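As given in TrEMBL:
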type	residues	note
ACT_SITE	D30	active site, nucleophile
BINDING	D30, D32, D248	Mg(2+) binding site
ACT_SITE	D32	active site, proton donor
BINDING	K223	substrate binding site
Amino acid sequence: MFKQTFTNLTQLPKQRVRQWLGTFETIICDADGVLWHFNKAIDGAPETFNLLKDSGRRMFIVTNNSSDESNALIKKARTFGIQLNDGHMATSAMSIAYYLANKKFKKKAYIVGEMGIKQELDKFDICSFMVKNEQGDKSMLQMAKEMKIEPDVGAVIVAKDDTFTVQTIIRACAYLLNKQVLFLGTCLDAAYPIGNNRMLVGAGAMIAAIKAISGRKPLILGKPNPLMFSEAINCGLINPETTLMIGDTLKTDILFAHNSGFQSMFVATGVNTVQDVEAARCSGTELGMAMVPDTFLPSLALLQEFV
Ligand SMILES: [Mg+2]
C-alpha cells in the first residue's frame with residue numbers, strides 16, 4: 001500500500017490511516033531525528049512509541065549510532081520515557097560485531113570510532129584497539145614515517161569519530177593497503193545538521209576520506225544494509241510484509257526499508273526535508289526512487305491519533 005508514493009497521511013481520511021496502521025505487527029523506529037535529538041526527546045515521540053507498543057505491536061529501535069553499546073542506548077531511550085524491551089535495540093556496531101563473529105574473525109580490528117564498537121566486539125571476544133590523539137607537534141611526513149603499525153590487523157572499522165585526524169587516515173590506509181584486511185563502515189551519513197548553519201561530521205565523510213586515499217571500497221553494515229535486521233527476519237521474529245520503518249534519513253532509513261521489504265514512513269524532524277524527497281523522486285534513477293518513502297507525517301507525534 002502507498003508504495004513509493006510519499007503519501008501525506010494528514011491529507012487522507014482518518015479512518016483510512018487507521019486501517020493502514022492496523023496492518024502492521026512490527027514497527028521499527030530510527031532514533032536520532034525520530035525519537036530524540038542528541039540529549040532531548042522530540043515532542044510527543046516517546047508517548048507515540050509507547051502507545052503503539054501498548055496497542056500490541058512489536059516495537060524496535062534500529063540506529064546507525066555506534067558511539068554507545070546497545071544496553072547503554074536502551075537506557076538512554078528509557079530516560080526519555082520510551083518503554084523499550086530488552087533486546088529491541090539494533091545498532092550498526094552490533095551489526096559489525098555479528099558480521100565478524102559469523103566470519104569467525106580471529107585477527108585484530110582497528111577501530112576508527114567510539115567505544116560502542118569496541119564494547120560490542122568484546123562480547124564476541126574479538127580483539128580490537130583504537131588510537132587517539134597521536135599527532136603531537138610532528139609534521140605529517142615525520143609522523144607517517146615514525147608511525148608504529150600493529151601487526152596482525154585483519155579489519156579496519158570506521159564510524160563517526162570525534163577525534164578523527166589526518167593521522168587516523170594514514171593509519172587506516174597503512175592497514176588497508178593489504179587487500180586481505182577488511183574495510184568495514186557503520187553508515188554513510190555524512191553530516192548531522194544542528195542548526196545555525198552548523199554541521200557535525202558523520203561516519204560517511206570519514207569513510208569517504210579513507211576510501212579516497214586507500215582506493216578500497218568499504219562494506220557498510222549499518223542501515224541501509226538489510227543484514228542489520230536479517231536475523232530477526234530469518235528466525236521468523238518479524239514478517240517484512242507487516243513491518244513499518246519510520247525514519248528521517250532517506251539514504252539510510254528509507255533505503256533500508258526498501259532493501260528489507262518493509263513499508264516506510266518519513267518524518268521531517270531530522271536530517272532530510274520534504275524538498276529532499278522531491279529531489280529523489282525527480283532524479284529519475286532507480287536509487288532515487290528507492291529512497292522515496294511510502295508515506296509521510298511531519299512528526300512521529302502526529303501518528304498518535306491513528307493508533
Ligand atoms: Mg536519524
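The backbone N, Cα and C atoms fix where each Cβ goes, glycine too.
In this structure, the CA atom of D32 (Mg(2+) binding site) is 13 Å away from the CA atom of the residue listed as 'substrate binding site'. Other Cβ atoms within 10 Å of the Cβ of D248 (Mg(2+) binding site), summed over all protein chains shown, number 25. Taken in sequence order, the recorded positions D30, K223, D248 that lie near ligand 1, meaning a CB under 6 Å from one of its atoms, are D30, D248. Most buried of the recorded positions D30, D32, judged by other Cβ atoms within 10 Å, is D30.
In sequence order, A31, G33, V34, L35, T63, G247, T249, D253, T269, G270, V271 are the residues of the same chain, not among D30, D32, D248, whose CB sits within 8 A of the CB centroid for the Mg(2+) site.
Cα separation, K223 (substrate binding site) to D30 (active site, nucleophile), rounded: 10 Å. For the pair D30 (active site, nucleophile) and D248 (Mg(2+) binding site), the Cα-Cα distance reads 8 Å. Of all the Cβ atoms in the protein chains shown, 33 others lie within 10 Å of the Cβ of the residue listed as 'substrate binding site'.
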